[in-house]
């Protein structure tokens, strides 16, 4: 069996899809379906069982057995960079992850987890080293602290433990994320409503490493298949502009004039204007597949979003 936490969420459901594509259906999805709309991410996927996240962690803490587990992909977390309830974030993202990590270490179960580029903060260098890490929000801090925890236990680990610092992920199955969904998702919705696509004023100076979710899932699967341990950036290695995203959306629809709107006050000083993954460490594992450009990935995503 394979366990995917956050399996009804954005990246988790794409990992389930990638596992299905390998012929694996013996998958336990762990999630919180209080937001019932997330069920839609699982409708076309094959899984063996579902468990609520609180029931699951209670079983983990109790030491319950789930049979033979080939791997755990831990994608479940509060991923809202705008959430400022630190007690909730640390419990949900940090303590939960530690419990699951130790369960896997004790049983030598390969453990792959979602970290984030939010661990870096305001830097021009995105390399997996302490000197470049300085999160700007409590979400980023929760991910940073778990990475630090993993770094300390890695030398003693007898089974793979692998964290991925996701950059700006976009693509299918993010519909439930609301305001935290990708720019491409929001621009598509604006055009469908007959509006012009809108970018924040000043965004011509913002550049992000936008990575397609299919590529993210592929790296997770490859690292599992190859027994990789460590903490790795997962982006494309190239920063592209928000304008490039908008251009790809407009080109797909064949209509729309890009407009600018004021930059929100509450995001100032808490917003990464530039991200670009240094992929040196990931490439050193032997992973050599190319990543989709914004033009390629957004076009594929638009086709998925607008399928009949």
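The backbone N, Cα and C atoms fix where each Cβ goes, and this holds for glycine too.
Just so it is clear, the model here is predicted, and its values are computed rather than measured.
Lifted from Swiss-Prot, the feature list:
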type     : residues                                       : note
BINDING  : 10-11, 31-32, 38, 53, 75-79, 92, 143, 169, 177 : NADP(+) binding site
ACT_SITE : 139                                            : active site, proton acceptor
BINDING  : 168, 179, 186, 200, 201, 202, 203, 208, 271    : substrate binding site
ACT_SITE : 177                                            : active site, proton acceptor
(request) Give the distance between the Cα atoms of residue 77 (NADP(+) binding site) and residue 186 (substrate binding site), rounded to the nearest whole Å. (result) 22
(message) Please identify which of 77, 201 has the densest Cβ environment, defined as other Cβ atoms within 10 Å, among these binding-site residues.
(response) 77
(message) Please list, in sequence order, the residues in the chain of residue 75 (NADP(+) binding site) that are at least six apart in sequence and whose C-beta is under 8 Å away from its C-beta.
(response) 4, 5, 6, 7, 9, 11, 12, 15, 113, 114
(request) Could you tell me the maximum Cα-Cα distance in Å between the residues recorded as binding substrate, namely 168, 179, 186, 200, 201, 202, 203, 208, 271, rounded to a whole number? (result) 19
(message) Comparing the binding-site residues 38, 143, 177, 186, which residue's C-beta has the most other C-beta atoms within 10 angstroms in this structure?
(response) 143
(request) Sort out the sequence-distant neighbours of residue 168 (substrate binding site) for me: same chain, 6+ apart, CB within less than 8 Å of its CB, listed by position. (result) 117, 182, 208, 209, 210, 211, 235, 275
(message) Excluding near sequence neighbours, so keeping only residues 6 or more apart in the same chain, what lies with its CB under 8 A of residue 10 (NADP(+) binding site)?
(response) 41, 169, 173, 174, 176, 177, 213
(request) Would you mind ranking the recorded positions 139, 271 by how many other Cβ atoms sit within 10 Å of each Cβ and giving me the lowest? (result) 271
(request) Please name which of the recorded positions listed here, 38, 139, 143, is nearest in space to residue 271 (substrate binding site), Cα against Cα. (result) 139
(message) What's the number of neighbouring CB atoms sitting within 10 A of the CB on residue 203 (substrate binding site)?
(response) 21
(request) Provide the three-state secondary structure of residue 168 (substrate binding site) computed with DSSP. (result) strand
(request) Round to a whole number and give the Cα-to-Cα distance in Å for the pair residue 201 (substrate binding site) and residue 38 (NADP(+) binding site). (result) 32
(request) Can you figure out which of 31, 38, 139, 143 (the recorded positions) comes closest in space to residue 203 (substrate binding site), comparing Cα atoms? (result) 139
